[in-house]
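Here is what Swiss-Prot says about this protein:
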- 33-53: transmembrane segment (TRANSMEM)
- 77-98: transmembrane segment (TRANSMEM)
- 83, 182: heme b b562 binding site (BINDING)
- 97, 196: heme b b566 binding site (BINDING)
- 113-133: transmembrane segment (TRANSMEM)
- 178-198: transmembrane segment (TRANSMEM)
- 226-246: transmembrane segment (TRANSMEM)
- 288-308: transmembrane segment (TRANSMEM)
- 320-340: transmembrane segment (TRANSMEM)
- 347-367: transmembrane segment (TRANSMEM)
């Protein structure tokens with residue numbers, strides 16, 4: 001009798017992606033973040049669905065509806081904080097997943113990598129619009145500042161901003177459309193995830209040594225399903241500790257004040273996971289230049305396959321590139337810290353130096369060091 005998982009068309013696709021998928025025998029815990037991202041997306045969609053049942057996208061009642069969810073709905077506080085902190089966990093896993101891809105040269109799988117970068121943009125757009133929905137002070141002013149960046153686009157900028165706002169300022173129309181987009185985007189993200197996974201079996205998984213592992217493959221189930229379960233349990237432990245013990249640790253106190261267009265908060269800043277890009281934006285005095293630097297700070301990931309000059313794929317056996325990689329990581333931490341600081345001396349200078357360093361490492365230093373390492377191989 002033939003096995004249903006190998007013959008039934010839809011089940012066969014799942015089987016080839018998660019059960020009988022041939023996986024290298026030496027992949028480390030860094031490869032767990034893909035499945036953890038899937039879990040984060042599932043948590044976000046489910047908690048978001050329950051929140052949407054009670055939320056109202058109207059400027060007069062949005063803030064009150066979130067308060068109502070926390071106070072009156074059964075376990076509403078838990079659902080709300082799981083959704084808010086779930087976004088943070090999502091981005092932690094995303095950054096680690098991308099970092100692993102950079103370290104081990106996974107960007108040489110062009111289709112998978114480029115769809116991954118598009119996914120990153122889609123998730124960032126979703127998170128930004130979600131931050132606007134509670135209609136607190138930081139929601140309102142964050143939406144105003146970030147959407148206003150579009151006005152830097154020549155000729156069509158102002159018209160484009162007013163078109164996004166649905167009026168002459170961030171108001172009811174803006175909130176309603178942001179809620180609509182915030183609701184639909186996660187499902188688009190889920191569809192993109194399917195495409196992302198679809199390209200993976202075409203090339204097979206990468207591995208830490210970056211050597212061809214065709215001669216030594218093992219089935220994904222049970223070996224890596226068990227390994228992923230450990231990652232899931234650890235993630236849920238950290239996640240629930242954050243949600244139950246310090247749910248407001250990563251939030252902004254200003255968002256507990258209802259939105260007031262007449263009162264600007266002293267420091268307007270986005271959520272922590274956007275701070276590195278926000279710091280790059282602020283470090284350039286010109287508005288259009290800042291916007292271009294902001295977009296390019298993420299879009300630069302698509303250039304990695306072109307900038308790869310090394311004869312080796314991974315950084316595992318390239319100590320000089322490793323040093324640069326960890327300097328880049330430290331630089332991103334610095335940018336994140338600077339993004340949350342007021343615009344004054346010495347933070348402006350630190351931000352500018354860190355921004356220049358970020359682009360210099362990626363565009364100049366890494367390719368140059370890779371070419372030097374190629375020479376050293378012959379030495």
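Heads up, the Cβ atoms here are built off N, Cα and C, so glycines get one too.
The separation of residue 182 (heme b b562 binding site) from residue 196 (heme b b566 binding site), Cα to Cα, is 21 Å.
Contact between the transmembrane segment (77-98) and the transmembrane segment (178-198) is not supported: fewer than 3 Cβ pairs lie under 8 Å, counting only residues 6 or more apart in sequence.
If one looks beyond the transmembrane segment (347-367) by at least 6 residues along the same chain, the residues whose Cβ comes under 8 Å of a Cβ in the stretch are 279-280, 282-284, 293, 296-297, 300, 303-304, 307-309, 321, 324-325, 327-328, 331-332, 334-335, 338-339, 341. On its own chain, residue 83 (heme b b562 binding site) has 44, 47, 48, 51 as residues at least 6 apart in sequence with a Cβ closer than 8 Å to its own Cβ. Taking the Cα atom of each, residue 182 (heme b b562 binding site) and residue 97 (heme b b566 binding site) are about 23 angstrom apart.
A sphere of 10 angstroms centred on the C-beta of residue 196 (heme b b566 binding site) encloses 20 other C-beta atoms. Touching of the transmembrane segment (226-246) and the transmembrane segment (33-53) is concluded from the presence of at least three CB pairs under 8 A, sequence neighbours closer than 6 excluded. At the 8 Å Cβ cutoff, the transmembrane segment (178-198) and the transmembrane segment (33-53) share at least 3 close pairs (sequence separation 6 or more) and count as touching. Proximity of distant same-chain residues to the transmembrane segment (33-53), defined by a Cβ-Cβ separation under 8 Å and at least 6 residues beyond the stretch ends, is recorded for 69, 79-80, 82-83, 86-87, 89-90, 93-94, 96-97, 100, 130, 182-183, 186-187, 189-190, 193, 228, 231-232, 235. Its Cβ taken as reference, residue 97 (heme b b566 binding site) is surrounded by 19 other Cβ atoms within 10 Å in the chains shown.
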